[in-house]
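Asks: In case it's useful when we look at the structure, here is the feature table from TrEMBL:
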- 12-29: transmembrane segment (TRANSMEM)
- 35-61: transmembrane segment (TRANSMEM)
- 82-103: transmembrane segment (TRANSMEM)
- 139-158: transmembrane segment (TRANSMEM)
- 170-191: transmembrane segment (TRANSMEM)
- 211-232: transmembrane segment (TRANSMEM)
- 239-258: transmembrane segment (TRANSMEM)
- 270-291: transmembrane segment (TRANSMEM)
- 303-321: transmembrane segment (TRANSMEM)
- 426-444: transmembrane segment (TRANSMEM)
Amino acid sequence: MSPSLSRNEILTTFTIFGAGVAIIANTFQGDGNPIIASLAFSGVAFSSTYCLIRWLGGAFMKAGFKGKDMSKLRKVEIPETMGAVCAVVYLLVIIVFIPFPFYKDIVAATSGGGNRDFVLEAQQVETGRFLHRFPHNKLAAYLSAILSLQSVVILGLGDDLFDIRWRHKVLIPAFASIPILIVYFVDFGVTQIVIPTPLRPYLGELFNLGWLYYAYMAAFAIFCPNSINILAGINGIEVTQSIVIASLILVNDLLYLAPFTPHPHPAEDAHLFSIYLLLPFLGVSLALWCHNWYPAKVFVGDTYCYFAGMVFAVDGILGHFSKTLWLLFIPQVFNFIYSAPQLFGLVPCPRHRLPHFNARTGLMEASVASFERPLRRPIQEAMKLLHKLSLLDVKTNKEGVVVECSNFTLINLWLVWFGPMREDRLAMGLVAMQIACGVAGLFVRHRLALLIFTADNL
Ligand code: UD1
Ligand code: MG
């Protein structure tokens, strides 16, 4: 990858950057719509990340952040951990963005009810007479999101540097979620779940989960980053799945802000908050995508997977739609459950489960785990059953003992179903399936849910 940008790249990125800065500067003049500012910040984030990835690739390789692309004929080393560039640009952008959503509130709190003609004595302002009008809770939510994200980015960097064992790192996102959980507790505190109509005669209308609801949210924060990291291993898949999830959440947010939704909607602020977090995320991810899509010129690293997952966890928890988010994570949930036998050691798990590149055909095939010692009988029987159901590819020896099976990942299963294919076609197939699942998920959430719940909160 050449560090210098082509003429076209310079023209495009600098134009986007310039336009972004101009729009941001302009929002200072009038009343400034924070969504427009957020869009402009995302443009700035996109162009900065795009250029920085190109410029910094060499420095990352020198520092040891590099990896071999195992699915290419020439296994050259390329920069890894480029998600760190995304994460840093993203964090800086959302930090600089802090005053924008609060601009009106700052004016209201410091100059007398938003009336700028009404001049106050300096002393009155300093004693904070109007500060009770400022939405400290919203600011706390925003700041706690930054804190949680930063903690997870540190974990991701640690993992890229030292390859931390997953049993050691699995709980860290739960600790990182404490700031947002505290804000949730103080600010919202709802720990009840609405019971579907058919179950109401037994459980009532609402069921209070109490502290279990916080445990659920912490588990959600563990799930999101890890689930993206294990649905990985072919060019572009980590970033593309994150872009798809972010776009689907954005669609869900827009449903709450659309003109046909009753206005003002109680969930409006939560969804605006979600948009402010997601737009710059899309900016940095699209820039990474340009370099990571097949044939990849850089790898995203665990930093990106953890960072992306945590953006979704924070968004879902503070936006109060974590249950809806599960519907946008269907392939990841499937992959997690499907991976469980290898993750929990029932079946040996090789260090890498990414598909196998057949150098002769140039196509990807399902990678396999082979067993020198026979597995326990019930496990072998379960694997043979999965084979019969076309959910696994199993090889047995003459005695009928399982000696080999395809690795338990959705990517390998896709290859078992549809046969060997080129790496980019594999990624496109998986992404198309993810989009279909996500759209179906949103449909279920907003249309079919009415069959078992009395109201959609739209
Ligand atoms: C997770 C998966 C592992 C998978 C790996 C690939 C589990 C439990 N772990 O491990 O099975 O092999 O991700 O990302 O499911 N690489 C490529 N092409 C790509 C992306 C990555 O060849 O498109 C290789 C490169 O050598 C790169 C390495 O994978 O250096 C990155 O692996 P890493 O992210 O460290 O693996 P894990 O997240 O630990
Ligand atoms: Mg990884």
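Cβ coordinates are placed from backbone N, Cα and C, and glycine is handled just like the others.
Mind mapping these onto the model and telling me what they sit next to?
Replies: Residues of the same chain lying 6 or more positions beyond the ends of the transmembrane segment (12-29) and with a Cβ under 8 Å from any Cβ of it are 5, 36-37, 39-44, 46-48, 50-51, 100.
Away from its own ends, the transmembrane segment (82-103) comes close to residues 27, 32, 34, 37-38, 41-42, 44-45, 48-49, 52-53, 56-57, 60, 65, 134-135, 138-139, 142-143, 145-146, 149-150, 153, 156-157, 160, 272-273, 276-277, 280-281, 283-285, 287-288, 291-292, 298-305, 307-308, 311 of its chain (Cβ-Cβ under 8 Å, at least six residues beyond either end).
Within the same chain, residues 148, 152, 156, 166, 170-171, 173-174, 176-177, 180-181, 184-185, 191, 193, 238, 241-242, 302, 305-310, 312-314, 316-317, 322, 325, 329, 331-333, 335-336, 339, 343, 354, 409-411 sit at least 6 positions outside the transmembrane segment (211-232) and bring their C-beta atoms closer than 8 Å to a C-beta of that stretch.
Within the chain carrying the transmembrane segment (239-258), a Cβ under 8 angstroms from the stretch's Cβ atoms is held by residues 228, 231, 265, 267-268, 271-272, 274-275, 278-279, 281-282, 285-286, 288-289, 292-293, 300, 304, 308, 311-312, 315-316, 319, 321, 324-325, 328-329, 331-332, 427, 430-431, 434-435, 438-439, 441-442, 445-446, 458, all 6 or more beyond its ends.
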Asks: Do any residues, 6 or more residues outside the transmembrane segment (303-321), come within under 8 Å Cβ-to-Cβ of it, and if so which ones?
Replies: 81-84, 86-87, 90, 141, 144-145, 148-149, 152-153, 155-157, 159-160, 173, 176-177, 180-181, 183-184, 188, 190, 217, 220-221, 223-229, 232, 238-239, 242, 245-246, 249, 252-253, 267, 270-271, 273-274, 277-278, 281, 285, 288, 329
Asks: For the transmembrane segment (270-291) and the transmembrane segment (426-444), decide whether they are in contact, meaning at least 3 CB pairs lie under 8 A, counting pairs 6 or more apart in sequence.
Replies: no
